[in-house]
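S.K.: What Swiss-Prot shows for this protein is this:
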BINDING   Cys44, His66  Zn(2+) 1 binding site
BINDING   45-49, 185-190, Lys214, 271-273, 295-297, Arg340  NAD(+) binding site
BINDING   Cys97, Cys100, Cys103, Cys111  Zn(2+) 2 binding site
Amino acid sequence: MADRVKTVGWAAHDSSGFLSPFQFTRRATGEEDVRLKVLYCGVCHSDLHNIKNEMGFTSYPCVPGHEVVGEVTEVGNKVKKFIIGDKVGVGLFVDSCGECEQCVNDVETYCPKLKMAYLSIDDDGTVIQGGYSKEMVIKERYVFRWPENLPLPAGTPLLGAGSTVYSPMKYYGLDKSGQHLGVVGLGGLGHLAVKFAKAFGLKVTVISTSPSKKDEAINHLGADAFLVSTDQEQTQKAMSTMDGIIDTVSAPHALMPLFSLLKPNGKLIVVGAPNKPVELDILFLVMGRKMLGTSAVGGVKETQEMIDFAAKHGIVADVEVVEMENVNNAMERLAKGDVRYRFVLDIGNATVAV
């Protein structure tokens with residue numbers, strides 16, 4: 001195919017999800033494109049779901065990855081914001097229509113023509129491959145400026161996990177100093193939700209089924225309180241005390257007990273994605289004027305705002321850096337929940353033979 005450039009990534013070729021070196025092509029650098037050498041890529045749980053086709057729409061070979069930080073190696077002649085050598089980020093999506101109401105209002109995430117960092121179809125009909133690769137080519141609009149004082153690799157998961165928790169806090173008004181926020185789940189999303197909430201000046205209660213996480217939540221992450229959700233005495237005392245709750249848990253679980261923790265007008269925002277329907281007592285919500293909301297990652301403008309906010313307040317993820325030769329072991333550990341709190345792949349230093 002004309003105007004394609006060879007590169008190398010790590011792809012799954014079937015639903016086993018096993019990742020191996022894979023040579024493929026990306027488009028040549030267009031006039032509005034930024035080409036970057038990938039330095040680091042975060043490992044999101046959705047990557048694991050997708051390489052195993054657990055969502056049902058994976059096409060193989062599949063190069064996953066949507067939390068990418070790299071260094072600019074080439075720019076198109078119409079690119080204005082970046083030059084060769086800049087550190088930049090790439091997140092969950094890499095293109096949108098640019099014209100719909102969502103795009104005009106800087107919430108490209110909800111554009112009906114959104115193109116994801118992998119598994120979407122590019123303009124030339126090829127399948128877009130993700131950040132577990134040596135290079136990427138992205139339109140300038142969807143590339144993020146990376147602050148010099150934001151550490152690598154620990155900042156990398158902000159592009160996915162960070163945006164996922166920051167965006168609903170801003171949209172639903174859960175960013176006002178003095179508010180009381182509950183955070184359900186203390187994983188990759190939850191630990192960043194605690195950090196952002198504390199930077200906003202919120203009182204934070206971590207809600208978990210695991211009593212063993214109390215010390216970590218309070219003494220390491222800075223939460224103000226810890227609630228064991230299976231402890232009836234604790235939950236009784238916490239009823240009607242929270243202005244909002246960010247629920248980061250993807251495993252199916254009951255939501256109604258969480259609503260009891262909210263004050264009247266409180267908001268339960270679900271950012272995890274359970275794969276089973278949930279039951280709601282609508283009358284209970286009506287009587288307390290309580291809201292169930294959802295959210296995905298922020299748009300381009302908001303994600304850049306989040307990155308800059310994180311740099312200003314020293315917010316990064318707690319990460320374990322993984323060499324690419326150990327990527328499949330990392331995926332096995334992720335499936336077991338054996339990570340604190342996020343894996344980041346060291347792609348820049350990887351050597352690969354195809």
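Just so you know, the numbers here start at 1 and follow the chain as drawn.
A Cβ is built for glycine as well, from the same backbone N, Cα and C atoms used for every other residue.
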S.K.: Taking His45, Arg340 as the binding-site residues to compare, which has the smallest set of other Cβ atoms within 10 Å?
M.R.: Arg340
S.K.: Suppose we draw a 10 Å sphere around the Cβ of Cys44 (Zn(2+) 1 binding site). How many other Cβ atoms does it contain, all chains included?
M.R.: 24
S.K.: In angstrom units, rounded to an integer, how far apart are the Cα atoms of Val271 (NAD(+) binding site) and His66 (Zn(2+) 1 binding site)?
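M.R.: Roughly 17 Å, rounded to the nearest whole number.
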S.K.: Just to confirm: which same-chain residues, 6+ apart in sequence, have a Cβ under 8 Å from the Cβ of Cys97 (Zn(2+) 2 binding site)?
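M.R.: Counting only residues 6 or more apart in sequence, the Cβ neighbours of Cys97 (Zn(2+) 2 binding site) under 8 Å are Cys103, Cys111, Pro112, Lys113.
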S.K.: Have a look at the binding-site residues Cys44, Leu48, His66 and say which one has the shortest Cα distance to Cys100 (Zn(2+) 2 binding site).
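M.R.: Closest recorded candidate to Cys100 (Zn(2+) 2 binding site) by Cα: His66.
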S.K.: Relative to the mean position of the Cβ atoms of Cys97, Cys100, Cys103, Cys111, the recorded Zn(2+) 2 site, which additional same-chain residues have Cβ within 8 Å?
M.R.: Ser96, Gly98, Glu99, Glu101, Gln102, Val104, Glu108, Pro112, Lys113, Leu114
S.K.: Pick out which of the binding-site residues Leu48, Cys100, Cys103, Leu189 has the most other Cβ atoms within 10 Å of its own Cβ.
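M.R.: When each Cβ's neighbours within 10 Å are tallied, Leu189 leads.
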S.K.: Including all protein chains displayed, how many Cβ atoms other than that of Val271 (NAD(+) binding site) lie within 10 Å of its Cβ?
M.R.: 24
S.K.: Mind giving me a neighbour count for His66 (Zn(2+) 1 binding site)? Other Cβ atoms within 10 Å of its Cβ, every protein chain shown.
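M.R.: A 10 Å sphere around the Cβ of His66 (Zn(2+) 1 binding site) contains 25 other Cβ atoms.
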S.K.: According to DSSP, does Cys44 (Zn(2+) 1 binding site) sit in a helix, a strand, or coil?
M.R.: coil
S.K.: Between His45 (NAD(+) binding site) and His66 (Zn(2+) 1 binding site), what is the CA-CA distance rounded to a whole number of Å?
M.R.: 11
